[in-house]
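Report on the structure given below.
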Amino acid sequence: MKASIVLVSFLGLVSGMVLPGHRLSPSGAKLQPRSLFKREANLDYRYAPEPCRAILTTCRVTSDCCSGMKCVSADGESVCTPSD
């Protein structure tokens with residue numbers, strides 16, 4: 001009897017960690033799916049700006065390039081080059 005209680009408790013603990021579950025929202029009104037990797041639902045990560053562009057990459061203005069570089073137009077294409 002004691003062994004079966006321990007076994008059922010252990011299986012409940014393991015299944016709670018492995019199987020996807022639900023938890024109550026902070027208000028307690030509705031269930032929310034539980035996730036290990038939570039991302040903000042209202043942010044669009046696809047269009048995040050790049051910190052800066054490296055040498056010989058295309059640019060639109062000098063502020064696109066990394067520090068110490070400038071955007072120069074050559075042969076109809078603008079690229080980041082080291083500033084003198």
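Backbone N, Cα and C define each Cβ position, glycine as well.
Per Swiss-Prot, the features are as follows:
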| type | residues | note |
| --- | --- | --- |
| SIGNAL | 1-16 | signal peptide |
| DISULFID | Cys52-Cys66 | disulfide bond |
| DISULFID | Cys59-Cys71 | disulfide bond |
| DISULFID | Cys65-Cys80 | disulfide bond |
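Distribution of Swiss-Prot features across the structure.
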{"residue": "Cys52", "record": "disulfide bond", "DSSP (3 states)": "coil"}
{"residue": "Cys59", "record": "disulfide bond", "DSSP (3 states)": "coil"}
{"residue": "Cys65", "record": "disulfide bond", "DSSP (3 states)": "strand"}
{"residue": "Cys71", "record": "disulfide bond", "DSSP (3 states)": "strand"}
{"residue": "Cys80", "record": "disulfide bond", "DSSP (3 states)": "strand"}
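Spatially close to Cys71 (disulfide bond) yet at least six residues away along the chain are Cys59, Arg60, Val61, Thr62, Asp64, Cys65, Ser78, Val79, Cys80, judged by Cβ distances under 8 angstroms. All protein chains considered, the CB of Cys80 (disulfide bond) has 22 other CB atoms within 10 Å. A sphere of 10 angstroms centred on the C-beta of Cys65 (disulfide bond) encloses 24 other C-beta atoms. Of all Cβ atoms in the shown protein chains, 14 besides its own fall within 10 Å of the Cβ of Cys66 (disulfide bond). The disulfide-bonded residues under consideration are Cys52, Cys59. Their Cβ neighbour counts within 10 Å are lowest for Cys52.
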